[in-house]
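Let me begin by presenting the structure, written as structure tokens, before commenting on it.
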Ligand SMILES: N[C@@H](CCC[C@H](N)C(=O)O)C(=O)O
């Protein structure tokens, strides 16, 4: 079956977006892995499939990693899908439903998209962790990093705060930490340096994808974990290798993520 696709990205975190709103797409994990191959397929950090909108939303967004696993959240893809729906409908507000919940998004006058990523979940069962522990500081260390804070933004995140990001090698540490027994569903692993009470630098080893240029849910989790630790305030610019996201943890508990969304090109693919 030959279908059109769109290649989109948020700060270089890239997506193949397929439209399954009119008819279900016969995708298997093996086919997802094949499309994700950057040499033999199209290549992506996440595959995004649009599905018919449940009541009270504009679309259902299904998210898959390049290893074929399903993800509950993807901040950068949510902005991309929001911008696509806004262009289609001319609306400036849309709501995107995922397996983790409904995410309202709006277009800002400067062309950026803001998504309400919902409240973080901070309990050990929410992350989830393998056993009871204080999610503010897990007894986990590997080489030069230790004591991450964990939370769920609809997907599992652990953040290691380090003095100097340039002195650690996320690609060497990420695989073992993603698969650490503390994380029964694996985890996205953030390595963060606090630059100021309103500025963080972040590199994320993503579950099922490896190092990416940006991770929106990871930026939200990092700001939440930094604020919980008293390392920052509740609003910060998070600088990722692909660029900056503005994150605010509102007093009502919701996390707002603001950043760009781009279409790189369109094509057709056999699925
Ligand atoms: N790129 C993402 C996160 C994608 C999902 C993640 N790899 C997972 O498995 O949870 C983002 O922008 O949030």
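Using the three backbone atoms N, Cα and C, a Cβ is placed for every residue, glycine included.
Annotated substrate binding site per TrEMBL: 13, 46, 65, 75, 76, 155, 188, 206, 207, 216, 217, in sequence order. Residues or ranges marked as active site, proton donor in TrEMBL: 74. According to TrEMBL, the active site annotation covers 74. For 215, the entry in TrEMBL reads active site, proton acceptor.
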Around the substrate site (13, 46, 65, 75, 76, 155, 188, 206, 207, 216, 217), what further same-chain residues have their C-beta within 8 angstroms of the site's C-beta centre?
45, 63, 71, 73, 74, 77, 204, 209, 212, 215, 218
Distance check, please: Cα of residue 188 (substrate binding site) against Cα of the residue listed as 'active site, proton donor', rounded to an integer number of angstrom.
11
Rounded to a whole angstrom, what is the largest C-alpha distance between any two of the residues 13, 46, 65, 75, 76, 155, 188, 206, 207, 216, 217 that the record assigns to substrate?
16
Counting only other Cβ atoms and using a 10 Å cut-off, which of the binding-site residues 13, 65, 76, 188, 217 scores lowest?
65
Counting other Cβ atoms within 10 Å of each Cβ, which of the recorded positions 74, 207, 215 scores lowest?
207
